[in-house]
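Colleague: Encoded as structure tokens, here's the structure I'll be asking about.
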């Protein structure tokens, strides 16, 4: 093919007028020879450049191959026989969901109309991939939740679908939990606990929680226990995902440019931290130190960790009693001003962004309570975030811009926060942000009011609760990511975590303090790089 192109004249891209005719010392004939052969010379040079580029890339891949093989071998050794077990389970899950897809496909082809996109994509479609993840169990459910909470990293169709990846699982029989407790404690559980309630308070994919009472001190506690086999499955699954990502990056440079392995490492680190209860205990202790250092122990708390009966698979914590920040009637029975309680929660959380090693990154109503003694209780530190001063500096400007509706400043802050390799039109970006943020007002919080008459009296209790639509909240993330990506911006995951917590607080504000502007009220002190010791004044 190259020879015929060299000989022919069917290459209109190469015009003689674009190039100087070769100079010669003597004779017109030599000039003509130079001109006649120039077309072939240019094509040969371009072919040579392409060949050099291919050779260079091939050489680069060959140099990377030993490292890839080493990673695969080492990962396989670390995985061990449990990898075979998970492979069999994976095949079973694949066959099950594949059969479901084929059944849906046959129904769709027999009906009139075109084939839906989720059927065209097969098991790679968001719908069937989510179903496959759920069949694969705990690791993949957690992975699905990671996808749902990271609109800055994944396509919107997958983020939306994985909102349905619920972390609910049937409880493990108590005899298995008892066995784990005895193994981890190294002695009969009766020597540590006066009793353990065999009925779990909660059960999720990786752990379940039981109420208990300590022997001797008679203190009420909760025990969080990692379910049996979770660690083996988790290591095997994460190692498999890592190997696949390494192979993809090796085969296609495109995956390398999208930092696929980096994303997988982030997922692996996040998930391994969540199943290491020693790490969660450290997160709790860090938060409690922050409260003590800032003099906030009278305003907020976190559960005490009982280290002598805790381990990597078991976490024994003080049992706190209170109500979620969404239970308005109960809050009113505990404090005279729900608004002040909310302001306290906001100040404590904002202060932790810079004054604590990590911030609580899951402040939904189940994890943020008003306790019986009037303090704010922060629960469940399995998911935390860490933010760099540089990112938070941009976030400060972003939040201030939201409050003042200065969209050019907002655009500037997002450009500073995001990673991009091209120039961004700040004014056009600001106009798009203004259109998008007008939709926030449409994210109405539903306040449900219920009345109940007492059985032995004529009194009537009125309870108000706020209902927050997670899909609406994530729709806002996706809109922001969509607009930003159109300008080539990519944000760190911490940005999505921060924004989600702020939206939780926005919903609490609508219920507990409708007239409060949490970004402008002088009683609320937003963390600043310029100060980390000014939060005490916010509580006086």
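Each residue, glycine too, has its Cβ placed from N, Cα and C.
Straight out of Swiss-Prot:
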ACT_SITE  362  active site, proton acceptor
BINDING   201, 202, 203, 204, 205, 206, 207, 208, 209, 224  ATP binding site
DOMAIN    195-533  domain 'Protein kinase'
TRANSIT   1-58  transit peptide
Colleague: I need the CA-to-CA distance for residue 362 (active site, proton acceptor) versus residue 209 (ATP binding site), whole Å please.
Modeller: 18
Colleague: Beyond 201, 202, 203, 204, 205, 206, 207, 208, 209, 224, what residues of that chain have CB atoms within 8 A of the centre of the ATP site's CB atoms?
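Modeller: Surrounding the site, in chain order, are 169, 171, 200, 225, 227.
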Colleague: So what pLDDT does the domain 'Protein kinase' (195-533) average out to?
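Modeller: Residues in the domain 'Protein kinase' (195-533) carry a mean pLDDT of 82 in this prediction.
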Colleague: Just name the winner among 201, 207, 209 (the binding-site residues) by count of other CB atoms within 10 A of its CB.
Modeller: 207
Colleague: Look up residue 203 (ATP binding site) in the DSSP assignment and reduce it to helix, strand or coil.
Modeller: strand
Colleague: Looking at the binding-site residues 203, 205, which one has the fewest other Cβ atoms within 10 Å of its own Cβ?
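Modeller: Least crowded of the binding-site residues 203, 205, by Cβ count within 10 Å, is 203.
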Colleague: Does DSSP give residue 209 (ATP binding site) helix, strand or coil?
Modeller: strand
